[in-house]
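Just below is one structure, and these are the notes that go with it.
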Amino acid sequence: MSFSRSSNAVRADSIDALSMDELAAAIDIGRPDAFVQLGAAFLTRLPAAPVPDPYLVAVSADAAAQLGIDPASVQKVAQDPAFSAFFAGNPTREWPAERLPYATVYSGHQFGVWAGQLGDGRAIGLGEIEHDGKRLELQLKGAGRTPYSRMADGRAVLRSSIREFLCSEAMHHLGIPTTRALCVIGSDMPVRRETIETSAIVTRVSPSFVRFGHFEHFYSNDRVEELKALADHVIDRFYPQCRDADDPYLALLSEVTLRTADLMADWQAVGFCHGVMNTDNMSILGLTIDYGPFGFMDGFNAHHICNHSDTQGRYSYSRQPQVGYWNLFCLAQALVPLFGSHYPEEGRSERVIEDAQRVLEGFKTAFAPALESRMRAKLGLAETREGDDKLANALLEVMHANRADFTMTFRNLAKMSKADALNDAPARDLFLDRAAFDAWANDYRARLAEETLSDAERAAAMNRVNPKYVLRNHLAEQAIRQAKEKDFSEVERLMRVLSRPFDEQPEFESYAGLPPDWASDLEVSCSS
Ligand code: AMP
Ligand code: MG
């Protein structure tokens, strides 16, 4: 059994022994270097607002394992009404003052426009759990109003909470950096969106929830001391290697730039659209964060806009890398006051700007090869040849023209043979314009002839990077429809399927298929 933490060890030595009290006690809010210790300029301490009759919708055993909770044990403790109450934000006892949760303040650029102060408008931090030398912060999303809620209600609906829960876990299993989700707790408390819906709370789990927008907040308010405290917190906790650089803050920008470039390459390579890449939705750790109107593409459209509210297409699929780069500019701008303290006063500002620009250039030098190497792997090319990027782009063009299914196309390419076209059909049949596919397939086969891997070896390698199962909109929708009827089995099943995205799972073949007709007009918007 395995529920322990290294300090003040809370140990349960049998599965039955893990109680909700022990789980709650393991959440540590008092570490000297925790975000919450940054103090009042950064956050407001407040209790969650209780919800009536909370119930368990889903729990992720895998996320629990990250926290050191034995998967079997969490399944069991999750059935305890005290679990639902706790992760709904309804404590059984009054929150002791020193354990009071916290909502943090940030600002940001939304859809390219400075939006001023934002903040955790519906999320509160509970503290951290340490396991295996790693510390993870727990945050309840949808737990009530905070001083940063503006005109909104501090709540999240069941529908968007299930989507966030499933996608965080699915992304993790795809190997893409992301915040995690421990559980979804529902309540029949009505919440007004376009229609009346019911509310839910997701427990998010991450090493940190710091966003680009946290830095922009202190920069925009000319609070350099707090800006520095925040940067020092992030460096000390997450990028300690930056301390050795001449300019630790520039080194921080560089690290974040590289992680963001990698993340953009990861998203592009699985056909994932985030939907709301505002600077307040950009993680300082390069994690996918704030799942709202995201989407995995079915038929490939390079300019796909997954967010119905994004009328200009600012966050379309093809623009994501560019927007990541734009957001890094905002972060760089916010860090400017911290740069260059090792330079003499004379000429410092010019040198600082040059440094920042050079570091940001690193995005371009990192992103293109990062995406190229992912595309090469997706095509099963073990060797590197001039023109591989053209071959990949040519495929994307034919896919775009034919709206060929993104996930199925790459998955089915693995079935092709390098000798002849006899096994082309599974991929080829996804293209209306068969001749266009054949032309590309000829070039592909010519390229495969330069590879030493056998067809079987190549297929195995491709199947490790081209998922068979992704969280298609219609799959999430099906699980949501059932959940609204209080049947949560489909959420559970879908999570299970998506926890092995690269494996053949014959019993779940239908989860890998094209979306049904009823799903063609599904829309997701910022409403959540
Ligand atoms: P998002 O577009 O979800 O990233 O949200 C942008 C900002 O609005 C963040 O500061 C959120 O905390 C806040 N927000 C979104 N929805 C709500 C809500 N229902 N209640 C309070 N704040 C919200
Ligand atoms: Mg957000």
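Keep in mind that glycine also has a Cβ here, set from the backbone N, Cα and C atoms.
Computed from a predicted structure; not experimentally measured.
Per TrEMBL, the features are as follows:
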BINDING   Gly119, Gly121, Arg122, Lys141, Asp153, Gly154, Arg204, Arg211, Asp290  ATP binding site
ACT_SITE  Asp280  active site, proton acceptor
BINDING   Asn281, Asp290  Mg(2+) binding site
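Take the CB of Asp153 (ATP binding site) and look out to 10 A: across all protein chains shown you find 16 other CB atoms. Recorded residues Arg122 (ATP binding site) and Asp280 (active site, proton acceptor) have their alpha carbons 14 Å apart, per Cα-Cα distance. Taking the binding-site residues Arg122, Arg204 in turn and counting surrounding C-beta atoms within 10 angstroms, the largest count is reached at Arg204. On the backbone, the CA of Asp153 (ATP binding site) and the CA of Asn281 (Mg(2+) binding site) stand 19 Å apart. Annotation note: Asn281 (Mg(2+) binding site) sits in a helical segment as assigned by DSSP. Checked against Asn281 (Mg(2+) binding site), the binding-site residues Gly119, Arg204, Asp290 differ in C-alpha distance, with Asp290 being the nearest. Among the binding-site residues Arg122, Asp153, Arg204, the ones whose Cβ sits under 6 Å from an atom of ligand 1 are, in sequence order, Arg122, Asp153.
In sequence order, Tyr106, Ser107, Gly108, His109, Gln110, Ala115, Leu118, Arg211, Phe212, Gly213, Glu216 constitute the residues six or more apart from the residue listed as 'active site, proton acceptor' in its chain with CB-CB distances below 8 Å.
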